[in-house]
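Down below is the structure, laid out as structure tokens.
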Amino acid sequence: MAGPRVEVDGSIMEGGGQILRVSTALSCLLGLPLRVQKIRAGRSTPGLRPQHLSGLEMIRDLCDGQLEGAEIGSTEITFTPEKIKGGIHTADTKTAGSVCLLMQVSMPCVLFAASPSELHLKGGTNAEMAPQIDYTVMVFKPIVEKFGFIFNCDIKTRGYYPKGGGEVIVRMSPVKQLNPINLTERGCVTKIYGRAFVAGVLPFKVAKDMAAAAVRCIRKEIRDLYVNIQPVQEPKDQAFGNGNGIIIIAETSTGCLFAGSSLGKRGVNADKVGIEAAEMLLANLRHGGTVDEYLQDQLIVFMALANGVSRIKTGPVTLHTQTAIHFAEQIAKAKFIVKKSEDEEDAAKDTYIIECQGIGMTNPNL
């Protein structure tokens, strides 16, 4: 099954865990042996962290592959994939490492397995420096399913920094091929809704204050829509540890979804958390794109694998997206074109079209 070995420099561009996720997923799918060097070389703690290690081990187990150099602090790994298999797969970051990032690396792979898969993922569900599980379910899921597959995400327990302890179960069936997507029409915002949560010992008032501050902030800019942010106390048996946060979603007439989110930290008042999420949402609505800045890079691997030409309209192209494109071109040989949007209404905005000629990956098992 092995093709020529792909050599990846883990220190370029985004220079972090994302390079590992994109390169190992594509290596696994395409059956290409991989060596990644200089892993997280520029970070304050270089090399693999626990959450990267659990992602690598999961990919190895998904395809009965061989993995060398995979230990905490290691800056070089080699990976030799074999055949992707369905069934039950488990990954545990043993920290507050993000379950959503584990989904990012494993999901494209199990779409091309021989049978349905069940992914048991343990770690942080609402963690810093990663999508919150609510974002994954409320924004990522409905958009990524346009590629022609569906998945189910069951949140068993929520887990927060620093303990983790969350668990989600993702169920999905394989596909023959992925359809290309065309997301270029923004439409107008028709709904704004969200949830502000507290868990553990934090008082419910914190959730109400986050929600109220976010609503006030949004109203300054968008006056004609009801903003429905529900304050939520997470049930004791469904949350591990203490945490608070908020996610706000804007939905448009064409089915586009944008989000702003924020997590509470010790010593940061609730209003500030709510306002930060609201401002992030408003910033994502100001450009003429059809996806927000966090969805951009999560769609690149699927666009690269799809059978045909995909197009998405975005605001400024993030470093994560540029990095994902770089490795999708290097490893999968997909062809991307990024150009400024030529639409009249986008003229004054920083709006781009990302176009990809996908490789038409076909599931050999179906």
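Placed from the backbone N, Cα and C atoms, the Cβ positions cover glycine too.
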Out of Q104, Q357, which does Swiss-Prot tie to the same ATP site as P131, Y294, D297, Q298, H320?
Q104
Should D297 (ATP binding site) be counted as helix, strand, or coil on the basis of DSSP?
helix
With DSSP assignments reduced to helix, strand and coil, which class does Q104 (ATP binding site) get?
helix
